[in-house]
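This report concerns only the one structure given below.
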Amino acid sequence: MTTDSLIPVVVNGAAGKMGREVVKAVAQAEDMMLVGAVDYNPNYRGQDVGEVAGCGALEVPIVDDLQSILVLATQEKIQGVMVDFTHPDSVYENVRSAIAYGVRPVVGTTGLTEEQLKDLADFADKASTGCLVIPNFSIGMVLLQQAAVQASQYFDHVEIIELHHNQKADAPSGTAIKTAQMLSGLGKTYNPPMVKETETIAGAKGALVDDNIRIHSVRLPGLIAHQEVIFGAKGEIYTLRHDTSDRSCYMAGVLLSIRKVTQLQSLVYGLEKIL
């Protein structure tokens, strides 16, 4: 492939744990070209992003100015893609900026509110620019969610437990929220009360979301990303669990999303929509 036919990719949050994995994956992809790396950690400013990611020099320095890199991405012959793994406080403005420049966002940062998602969807529609918001890039997690939807036909009681490393800023996780949304969109109400319940400590039973589904969040060092969906019925428990042991497991989904977003003209939410 010539460089003119490669997908130009900007990684925002390039020095973070997920950002480094994305840098390595894009650098190894035959149909992509890393054109920019952004991170606001001053310890990495000016360093070669390949050296930071551990894949060797790529001659792409880490900068702390997203706007200038978006401008650079628009100068390529093929419309660029921005992969965002940053922070819930900044992701909304990052995505709006990318769309405004005609750069297609692939968003792995969780924490966007329903209102923000709606606004970004409207903005992407008006700009006819593809945008993917993916709470979890793992194929295994998509399969778990699909299995949970199928199981919900036979169980009326369900709770979700999500466990992550203690540097994750938002709770509950976007993946757990997405799972609850998939279950709550099936036209049934879960967990009918069996006794009069009292919480002696507020929040002891977890966060209540749509259709009476509860999510419990755990944050501990030593964890990466894990989720259980537990169904209960008289005399039995059915547990679905997904465990991440290495962040490289997300890269197949990230690369697929980069390729797919170039074909979209609107915002799409969830990896299952593009599989």
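Glycine too: its Cβ is placed from the backbone N, Cα and C atoms.
Annotated in Swiss-Prot:
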- HIS164: active site, proton donor/acceptor (ACT_SITE)
- LYS168: active site, proton donor (ACT_SITE)
- GLY13, ALA14, ALA15, GLY16, LYS17, MET18, GLY108, THR109, THR110: NAD(+) binding site (BINDING)
- HIS165, GLY174, THR175: (S)-2,3,4,5-tetrahydrodipicolinate binding site (BINDING)
Enumerate the residues of the same chain, HIS165, GLY174, THR175 excluded, that satisfy the criterion Cβ within 8 A of the mean position of the Cβ atoms of the recorded (S)-2,3,4,5-tetrahydrodipicolinate site; list them in sequence order.
THR110, PRO135, ASN136, GLU162, HIS164, LYS168, ASP170, SER173, ALA176, ALA225
How many whole Å apart are the CA atoms of GLY108 (NAD(+) binding site) and GLY174 ((S)-2,3,4,5-tetrahydrodipicolinate binding site)?
9
One of the binding-site residues GLY13, ALA15, LYS17 has its Cα closest to the Cα of the residue listed as 'active site, proton donor/acceptor', namely LYS17
Rounded to the nearest angstrom, how far is the Cα of THR110 (NAD(+) binding site) from the Cα of GLY174 ((S)-2,3,4,5-tetrahydrodipicolinate binding site)?
5
Which of LYS17, LYS168 (the recorded positions) has the most other Cβ atoms within 10 Å?
LYS168
CB within-chain contacts under 8 A for ALA15 (NAD(+) binding site), separation at least 6
ALA37, ASP39, ASN41, ASN43, TYR44, VAL49, VAL52, ILE62
Nearest of the recorded positions (GLY13, LYS17, THR110, LYS168) to THR175 ((S)-2,3,4,5-tetrahydrodipicolinate binding site), judged by Cα-Cα distance
THR110
